[in-house]
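Heads up: the structure comes next, in structure tokens.
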């Protein structure tokens, strides 16, 4: 194989942010998960709205607004996840004790 001089070898580059700044997180994947699987009291939907607002603020360049909306989305996602897990545990406990039954056989 012949090496051509008119081609420049490509190497992966990493983009460095400003030193001392933390990346702005919008928690969008977590919000999508909570929207579709653990939408307790519409907390997943609200978290999704705040995640999108955070991403929009990040695109515009409003760092403080993006951090605020991202923090709110994080708090709502935590609440939705905890309430969803508690609901699942309560339902499993009620089903195990026989308080609720999924199917009744009428024979």
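Every residue gets a Cβ built from N, Cα and C, even glycine.
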Note to self: Suppose you had to name the range Swiss-Prot annotates as transmembrane segment; which of 32-52, 53-73 would you pick?
What the structure shows: 32-52
Next item on the list: Would you kindly list the residues that approach the transmembrane segment (78-98) from elsewhere in its chain, counting only those six or more residues past its ends and only Cβ-Cβ distances under 8 Å?
Entry: 30, 34, 37-41, 43-44, 47
Item checked: recorded sites (41, 42), the one with most neighbouring Cβ atoms at 10 Å -> 42
Next item on the list: Report, as numbers and ranges, which residues of the same chain sit near the topological domain 'Cytoplasmic' (53-77): CB under 8 Å and 6 or more residues beyond its ends.
Entry: 24-28, 30-31, 34, 43-44, 46-47
Notebook entry, point to check: In the same chain, who gets a Cβ under 8 Å from the topological domain 'Extracellular' (99-107) while lying at least 6 residues past its ends?
Noted result: 91
